[in-house]
Amino acid sequence: MSNKIGIVGCAGRMGRMLTEVIGRTDSCEVYGGTELPGSPNLGKDLGELAGIGAIGVNVGDDPLALFEACDVVIDFSVPEATLNHAKLAAKTGCSLVVGTTGMTHEQVAELEAATITTSIVFARNMSLGVNLLMSIVEQVAASLNEDYDIEVVEMHHRHKVDSPSGTALALGEAAASGRGVDLDKVADKVRDGIIGARKRGDIGFATLRGGDVVGDHSVIFAADGERIELGHRASNREVFARGAVKAANWLQGKENGFYDMRNVLGLK
Ligand SMILES: NC(=O)C1=CN([C@@H]2O[C@H](COP(=O)(O)OP(=O)(O)OC[C@H]3O[C@@H](n4cnc5c(N)ncnc54)[C@H](OP(=O)(O)O)[C@@H]3O)[C@@H](O)[C@H]2O)C=CC1
Ligand SMILES: O=C(O)C1=N[C@H](C(=O)O)C[C@H](O)C1
């Protein structure tokens, strides 16, 4: 039976890419999509927005109706909207795939709380490559001591609003976990002016923004005399959309619970 997928934020960069990817994926269909009331895209055909031609599904502004009608909803939007959508998922029992970044620990805990009555996949990066990279970073960090300074560098397009990226933070968490420390205690995210020498054991972050860069991430382990660099570059958003659709199909028939892409990809 075809998996009925709803897309919230369906006119956004990821929303449009999702329509395209679902359109050419067997066993699922775009069943509806929403944008905020007042959006200039209300009433438009999702396929037209995605550049694949009309599919007979129009942009609405009633997320409750979407959650009631669909098997699973995919959400790449903003944290406040995602939390509202998690409540609707909990109320209706509809599954949810969340790619939204920029959420606080408290907001992620709220998302998880919704899984008492539904199933959610939450991943700050849905690509296979980045999820593999996380495992590798954890392993390398576990093998090296604090003589190796860890720095996470990311670059994204000029429209991105959150910093560091969700992926950069997830990579920092993987490094911290490998080293057996709490990222919140060692993260150094802001450097400006006479800040003094680098603190041993810190995990630093650097953010670059510009042009149409889809998403570049590097984790650098720098010691005296040598440097290891592990990285990933996304050259289009399709890698994220493919991961999200895989997660949406994987969720069919799953127990209520809070999952991530490493569950979906069988990496843990
Ligand atoms: N996990 C992953 O693999 C990836 C995560 N992301 C993350 O996904 C998020 C979205 O990215 P991107 O697509 O580039 O951003 P966009 O701004 O292009 O898209 C977000 C869309 O959501 C809409 N929106 C906002 N609030 C609501 C709401 N309450 N109901 C319905 N729609 C809403 C926006 O409308 P409007 O423009 O009118 O505000 C917009 O159309 C970001 O947090 C980004 O970091 C991105 C790529 C990959
Ligand atoms: O906003 C984006 O574009 C992206 N956001 C995610 C993040 O914050 O890590 C994932 C990807 O890098 C693209």
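Keep in mind that glycine also has a Cβ here, set from the backbone N, Cα and C atoms.
Computed from a predicted structure; not experimentally measured.
What TrEMBL records for this protein:
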ACT_SITE  H156  active site, proton donor/acceptor
ACT_SITE  K160  active site, proton donor
BINDING   G9, C10, A11, G12, R13, M14, G99, T100, T101, A123, R124, N125, M126  NAD(+) binding site
BINDING   H157, G166, T167  (S)-2,3,4,5-tetrahydrodipicolinate binding site
DOMAIN    4-126  domain 'Dihydrodipicolinate reductase N-terminal'
DOMAIN    129-265  domain 'Dihydrodipicolinate reductase C-terminal'
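Features per TrEMBL, on structure.
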residue: G9; record: NAD(+) binding site; DSSP (3 states): coil
residue: T101; record: NAD(+) binding site; DSSP (3 states): coil
residue: R124; record: NAD(+) binding site; DSSP (3 states): coil
residue: H157; record: (S)-2,3,4,5-tetrahydrodipicolinate binding site; DSSP (3 states): coil
residue: G166; record: (S)-2,3,4,5-tetrahydrodipicolinate binding site; DSSP (3 states): helix
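Taking the Cα of G9 (NAD(+) binding site) as the reference point, the closest of the recorded positions H156, H157, K160, G166, T167 is K160.
Each residue contributes its Cα atom, and for R124 (NAD(+) binding site) and K160 (active site, proton donor) those atoms are 14 Å apart. The closest partner of A11 (NAD(+) binding site) among the recorded positions, by CA position, is H157; the full candidate set was H156, H157, G166, T167.
The two recorded residues, T101 (NAD(+) binding site) and T167 ((S)-2,3,4,5-tetrahydrodipicolinate binding site), have Cα atoms 8 Å apart.
Taking A11, G99, T101, K160, T167 as the candidate recorded positions, the subset whose CB lies under 6 angstroms from any atom of ligand 2 consists of T101, K160, T167. Site extent for NAD(+): among the recorded binding residues G9, C10, A11, G12, R13, M14, G99, T100, T101, A123, R124, N125, M126, the largest C-alpha separation is 21 Å. Put simply, G99 (NAD(+) binding site) is 17 Å from H157 ((S)-2,3,4,5-tetrahydrodipicolinate binding site) when counted between their Cα atoms.
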